[in-house]
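Taken verbatim from TrEMBL:
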TRANSMEM  73-92  transmembrane segment
TRANSMEM  142-161  transmembrane segment
TRANSMEM  168-191  transmembrane segment
TRANSMEM  244-264  transmembrane segment
TRANSMEM  284-309  transmembrane segment
TRANSMEM  321-341  transmembrane segment
TRANSMEM  395-417  transmembrane segment
TRANSMEM  869-887  transmembrane segment
TRANSMEM  894-916  transmembrane segment
TRANSMEM  928-946  transmembrane segment
TRANSMEM  953-977  transmembrane segment
TRANSMEM  1269-1289  transmembrane segment
REGION    1357-1380  region 'Disordered'
Amino acid sequence: MPICSRDTWDPFQLNPVGAEKERTRRCFQVAQYLVAAIVGLAVLGTAMISKGSLVVLAALASPDSLRPQKDQQFYLLMLVFCLVCPNFLVFLKSLWRCTFKNFVHPNMKTMAFICVIECLVSFGTSVLVLVVMPQFDVLTNLFISGGVCIVSAVLQIGFRLQSESWKIVFPICSLILTVAGYILLGLDYYVRQATAMDSSDRYMYVGVGIGSSLLVSLCWWENSLQATNHMKETLSELDGFRDFVFVISSILRITVIGGVYLIYHKLIVDTIIWEDFTLQDDDWQLLQIGLLLFFLQAFCSAACHWFGVVACKIHAVRMGFALPVCLTGPAVLLVGIMIFITQTDNPVGAAHGNITVFCRSLHLVNHNNTSIVLLEISNSICRTSLYNNYYQWPFSLLALEGLCMWSGFVTCTYYVWKIKVQRIERTSQLFVRRLYESSFIDLSLLLNTKMKVPKAVNHNEIQNCVIYLCATMWHETYDEMLKILTSMFRLDRYRGDPKEEHKDCFDFECHIYVDDAFMTEKDTEKRLVNEYVKDLIQVVIEVYRVYTNKEPDDVSIIDTPYGGRLMFVMPEGNMLYIHLKDKSLIRNKKRWSQVMYMYYLLGWKGYLVKNPHKIPHHSNEQRSSLISLDGEIFLCPQYDNDNKRKFISDENTYILALDGDTDFHPKAVILLVDRLRMYDNVGAACGRIHPLGMGPMVWYQKFEYAVGHWLQKTAEHVFGSVLCSPGCFSLFRGSAIMDDNVLKRYTAKSTRASEYVQYDQGEDRWLCTLLLQQGWRVEYNAASDAYTNSPQEFEEFYNQRRRWGPSTLANTLDLLHSSVETVKRNSSISRLYIIYQMLSVGSSILGPASVTLMIASAFQFIFTLSGELSIVIASIPPVIYIIICFLTKSSTQLLIAALLSILYAFLMTAALFSIIGDIVVQGTFLTPTGLFLVSMAIMYTVTALLHPEEFGMIIYGLMYFICIPSGYLLLTIYSLVNMHVVSWGTRESNKGEEQVKKNHNILCDKKCKLCCWDMKIQVSQETENPMLQKITGQAVTQAPPTAADSSEAAPQELSSLMPQRGVSIKRHAAEMERSRCLSEVRDTLPVISTTYFHTIKICFSLFCHVTMTLLPCLCVDWVNPVKAEFLKKLTYANMKRNLKEQIRYSLRNKNHEDVCEELVQVLTETLNTQLNGVGPENVPSEVELEELQYALNKQARCILKTNQVERLEKRVKIAIEKTLTAPQLKKLDEGELDFWHKLLERYLEPIIDDKAHKEEVTRELKSLRNKAVFLYFIINVLWVVATFFLQIIGSEVINIEIPKYFPNGTRSDENLRVEPLSLMFLFSFAFLLLVQFLAMLYHRVYTLIHVVSYRSTEKDYKDRSEVTPNPDPYPNPNPHHNKA
């Protein structure tokens, strides 16, 4: 263990990896802007294509089109499909959620109201697109859609939704401009008819178009009502059954679209001829153009909607969303005009520059040499006032109409430019409706964006949260402790002063729970902290030095009913608690540590939240960090946190479960917090775990962890819910842990064999199972990285997986067994997801047989053996190993497994080459095995490329491949056969434990309890102790009384020596306890000489006098050695360095640099003068410290007065006081003490099983082991035997023949023969991998969105000198709460 005590000659320190200051990386900033730019261009491009495709289809379907009527009807049908497509997509999504997620019975009145509105909107959209737009030209169609914002503008004016009164100008202008646009539209067509440019009566369609656009504008009625809290109950009720409403309304909308199409075009104008829909061979171009435009419009509308959501989520609302959407209309107009101008098919018109001549000649253009789309665009533009023989000035009316319409909807949606989006938002929090209107995609996106108004509750206050970092330690090494402490201090630096606001809106505390923290020292039998705790203390001191270059400021040592507690104030003011568990007082191991901190943080502190008057107030005026020198006393930081939590609900109280060797960065924590903030039903979230270490076993685990997270975790997240959130780095919601059947059941003591396997061997998995069964969701965030040490030795790895394997299977089977109830309660788990898990469990159970058959195929190819003989040979080693595991001890099993793993590694290498050889022999890789191998290689390579920071993991894939028999065959056998072993299997050593030395020749051995400590009195026969003689010298000269007299007088004499002053406990109880102890001593007097009795009397009296007067409740053995470690900060050398750093920290602003350096110089000289007679490694006395403090304050006051900065005096005094503060010995308040006693009594008393119970449990575990092994064995044997008999029957009888193709596409004369079972298993496995791969692609996209949004709000790290500190470093924002 590295020794951290810093001497004058040893100024060097350990700088752990990751302790350097975080800085915003320039490459991430560039990537963020690049992604925002790409998304913005995608929004603009897809919106232009969507809008342009719709306008072109309307032009092609126009009666004035140059296309024949048959083509016009086909293009009109494509318009119908464009309207139906978004409704059909919403129908499928809503039906999926109603069927496989949650279904809420709707309120019929609310649903009827919504359906009526949806039918009106659908009717207006259908009339506008299918009836009106084909009658108009492309420019009018481009402009008329801007009028759909009129109802939104009216509602904004009526409800006064503006945050500032003057902003009502925007909706008023929008209303005026929209009405003006409608008037100009009417004037334009009136001029056209008046000038006989348009002989058809289209003036009627202007009125119909205005009316239909008004109906369409009803689509976004919810937006304004949600912003004003009108119909609040109705809208909140609607959110519960919105999916079912969308199912019904989508059907109604599709029905209305079809009805409008048929009624108008069949019954009114009768243009539909059913025979025209029978396409001939020469209609290929018609089909190609129509379907292409339809797919472009449908796909780009959905893509534009998705990219718009992405732009908002990555905080590119203005540049990536609002600006591109607003520019869509002008951009499409510009492209259309450019097409019209550059159309040069008619040289006459182009040569003379006469638009009229050009438009007249369009019908003469050769359609074979000119694009139909370009031709129709030009023809439609020619239908405007440009094609007027007399007047072309009316075209300005059309241009002015477009300007008014565009300006109208831009001013109506002004609020989008000011919208403030949190780091991560749900789509339902950004947009009112899930449905988008593909016909007006640009306006739909803007009008559908929720209005953020000040009348709503402040979102930041709701989302403020508290995080409890809880790390469990079990025999960690010094380096492992260094990782977790560095991570916690790193988070402290990220969060900053808890009294200041933080953009991430969180506060946190760090708690470390050390199992088996005490040892009994031999000879003295004192209960002291062991070497692991000493290492931990040194790590805390060392990390504190790294981050501050000084010793810990505020340290408290507390004796507790479960052992002890160390309390630190971290550099920025956040709290660090180290809980030392004594296994003789409290249950050890990880699950009980979790129960301990969950009840303490959620139960006890939750009780304080509900009863704020119970929060204890601090009254110890010796804490320099808490008392300013002007007499104001503030709460302890830990009490301040409890005070803050009054305003934070259990839903926003989180527990970050950690292991003692976890390494993480603040980003990882914040990303997990985002997941829980975004979804209220998420009970836990886990991150990407990276194993650390060296050696082949670590290489294997690196790829195993990578594949598990890349594919399995993402598939679980996307299709249902993650089944296991690892305890080394997972964030849990407080309300989820406190839910029924979760924490209460988690405290259950294992009594049956299955419970030992499920509860104690994989506590993390069981806790997640309880959350899932209660209806909570568990999520996975791939960008939240954490690093933890992994087993580096073969034996340690096997023992770890021996615990994990059976526990994983037991919890999965438990979840499948309760699947009916779980599906009802948990909206994230569907029946299909249960089927997926069944397939996964089945494939894992068949893993040993599959590996055996794979090895058999290697034998068959390499040694040219028959299929059945290869299966027999491949089955012999597993059977032999099963027998060995049943007959030998664990060490022998592991030795045999290691040897077999090496042999199997060679065989797997041969198997790889056998597959490659088979491809060479067959002359093609288009075989089931070849395709599987090639596709696997491609899939894993693509997956690794999509994880660029982890691409190097692909290198370890070869190691993983050759270790498949060891991991899926031998390890499975070892885990099952040793299922009855319930020991932890790792970190079992205890380097600090000492054996209690037996004491002989004891005359008196009595224990009694006085105040709050245990006292042991022993008297031996040794008489030559000089100290004993010195103590009893005076008593020996006196005449010894008789034994009887001594025994009678003893209580009275000792009582007379006791102090009469008051103590901190009840006097009566103390006197009774003391009398009992003396009575027990008196009972032993017949065997003790008089001299020894007087010795006992004097020592006992002195002991009671000192302890009850000076150190009540702190006379426990472990306290003083721990205190001595922290007292080293008061040595001359450390004090000198600490004083410099404290002054520089307090005056860290650049403006105070000169004053700071002068103070450092003068105060250092003062310290040297005052402690001139104190050695560099000695601790000054209390008197010397008081004199030193007075001298330092006096000098500081003079310097500050000289420099005219007296306002800094308070901060300098606090810095001096911090330097001279010694560690405090404290005690728990009565309420918390009572809590711990009751918690220990009810749930955490040490488990002491008698021999009979242990034998019964062992018998049950072996019985369970036998059943599990038998079941596994039978299933795998059946699979192998089935394959074996298929080999015997022969390939001619039952095998499947598959055509054989060469890579160039030619077919071979031979066919490939494949066994049905092998093909079925191969396809099943390939199907699972494909599903996981698709889920990974989906998950990567949203991970990228989350990362980019985080980078856009990442904390801007600045040097302390660049930040202007608060004049009062310990402000008092709420004196009513903060004053003691």
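Yeah, the Cβs are placed from backbone N, Cα and C, and that goes for glycine too.
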* Structure fact -> Counting Cβ pairs closer than 8 Å to the transmembrane segment (869-887), the top stretch among 244-264, 321-341, 928-946, 1269-1289 is 1269-1289
* Structure fact -> Contact count check, CB pairs under 8 angstroms to the transmembrane segment (894-916), set 73-92, 395-417, 928-946, 953-977, 1269-1289; argmax is 953-977
* Under an 8 Å Cβ to Cβ limit, what residues of the same chain, 6 or more beyond the ends of the transmembrane segment (284-309), are close to it? -> 39, 42-43, 45-47, 49-50, 53-54, 56-57, 60, 70-71, 74-75, 77-78, 81-82, 85-86, 89, 321, 325, 372-373, 427, 430-431, 436, 438, 441, 444-445
* Asked: Residues of the same chain, at least six outside the transmembrane segment (244-264), with any C-beta under 8 angstroms of its C-beta?
  -> 76, 80, 83-84, 87-88, 90-91, 93-95, 98, 103-104, 106, 111, 114-115, 118-119, 121-123, 125-127, 130-131, 238, 272, 434-435
* Proximity verdict for the transmembrane segment (321-341) and the transmembrane segment (142-161), three or more C-beta pairs under 8 Å -> yes
* Asked: Does the transmembrane segment (142-161) come near the transmembrane segment (395-417), with 3+ Cβ pairs under 8 Å (pairs 6 or more apart)?
  -> yes
